[in-house]
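**Q** Under the heading transmembrane segment, TrEMBL lists 47-72, 84-102, 123-142, 148-167, 188-209, 215-235, 267-287, 307-326, 338-358, 406-429, 441-463.
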Amino acid sequence: MLDLDEDAAMDADHLVGEEPGLPSQQRAWAAAVMEPVRWVRMLCRELGATFVAGVVLVYGLSQGFAGSFFRVASDYYWKDVQQVQPATVQFLSVFFYVPWVLKPLWGVMTDVFPVHGYRRRPYFLFSGILGTVSATIVAMATGLPVSSAVLCLVGISTAVAIADVTIDACIAKNSIDKPALAPDMQSLCAFSSSLGALIGYATSGMFVHHLGAQGALGVMAIPPATVVFLGFFIYEMKTYQHSVKEKVLNKVSGAVKGMVRTIKYPVVWKPSLYMFLSLALSISTHEGQFYWYTNKTPPNPGFSQEFVGLVHAIGAVASMVGVFIYHKWLKDYPFRSILFYAQLLYGVSGLLDLTFVLRWNLALGVPDASFVTLEECVSRVVGRVRLMPMMVLSTKLCPPGVEGTFFALLMCIDSLGMLAAKAGGATVLRALHVTRTDFGHLWLAVLLRNVLRLATLGAIFLVPTADQTDVLVPRELVASSPAAVADDEEERLQLAMLTSHTDEV
């Protein structure tokens, strides 16, 4: 495989037509323009075009666009349509994380319960149909009770979670087969997610303003509909099985035993514990802040729906900048070093929220609109740089053969951390009596959140000092994995059948 810089130079030569005497600066610009194209072409060549398309659809449209659009539209839905208190919204949002906590279940299903010989395609189809139906109901039903609305939104979250764990299984497998490309795959995921989020945030305020919060949620039916098509065209070799019931039970047993055996290794459970603590201790005060900065009563900022969407859209651009910074300069740093400094910046950057809530920005002569935009950009860049090495680390901890199941387990641990952060934030908001109209103690909640973020640094010793391209799974675990042996047998059977078919031709 050619080096990226060499390929970029070749494309630049082709672009400029190899004209003699062309200034070197123009050649450098041409190479820079072609580099993203070259990078995507390399990924398509090494990993498969349908895999790359699947990552873009799931991470870009289903998670990026739908996730960002849902964040703005649902906030206004609970505030204006259902008219519930901010602490209550945070408690209800805990239910949206339940499907993500159940990711090991979805992982086991995709790994060991093939449908008509396919382990990935049917689950894309199911998730797409579930998401489309759930979004349609919540958008069209009038006078929907809170319980029914929660159920529909949980259905949307379940659909995204199943699609996510299915594509993550593909990513984890490719990370094992081609470990050198693991950071590149995470960069593709992050770029796709950030671009989708940019579009979602940029359009969410406009849709909420013109269609209302409930009508805007109807847009959420589009992304899962595209996942249905993904289930038809993504490349996957069909498995040929005999004694299906017995084999399924054996694979379930092997997957569970493999997870238990793997999580007992210190090189696995220590970083998993750190990632949980990093997420759980960063309690969420989002709903309290959202209710505050959209409140029209002076001296509250009273931001409009369009401006809220615009700020989030700018934040999505900043998130892409964070991806670029990581991909270009940080992906070669050891895990412990990058996560230490990222967590430190994460805690310090949270002080911008505190400054905004206390209105110190006005004392400094900085308008609310300018300051909140700055705060959003800084938090998004730091947040992305902090998250990406965690995702790379998670893929490195997965043993072969049960990569979908174990990666789902790690993501379940992360989801438990985010669930704990939501529940903890809701408890703090309620304890401090932060309501739809009373924000007097909101600054205390933000201050406590920042202190807990910095406290996470005390657990940084749990993160390995290995480089991001190193193999972390112990050799004996890879060699003795029953699921890996079963997969080898399955691949040999497929090869034998393919050879037989070729001989007949």
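Cβ from N, Cα, C; glycine included.
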**Q** Which residues, given as numbers and ranges, are at least 6 beyond the ends of the transmembrane segment (406-429) yet have a Cβ under 8 Å from it?
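**A** Here the qualifying positions are 86-88, 90-91, 93-94, 97-98, 100-108, 164-165, 168-169, 171-172, 258-259, 262-263, 272, 275-288, 390, 394-395, 397-399, 442, 445, 448-449.
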**Q** Suppose I define contact as three or more CB-CB distances under 8 A, residues 6 or more apart in sequence; do the transmembrane segment (148-167) and the transmembrane segment (188-209) meet it?
**A** no
**Q** Look at every Cβ pair spanning the transmembrane segment (123-142) and the transmembrane segment (215-235), keep those 6 or more apart in sequence, and say whether at least 3 of them are under 8 Å.
**A** yes
**Q** Most CB pairs under 8 Å with the transmembrane segment (47-72): which of 84-102, 188-209, 215-235, 338-358, 441-463?
**A** 188-209
**Q** Quick one: find which recorded stretch in 188-209, 215-235, 267-287, 338-358, 441-463 has the most Cβ pairs under 8 Å with the transmembrane segment (84-102).
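**A** Going through each listed stretch, the top one turns out to be 267-287.
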**Q** Going along the chain, which residues at least six beyond the ends of the transmembrane segment (338-358) come within the CB cut-off of under 8 Å?
**A** 274, 278, 282, 285, 289, 292, 330, 368, 371-372, 374-375, 378-379, 382-383, 385-386, 389-390, 439, 442-443, 446-447, 449-450, 453-454, 456-457, 460, 463
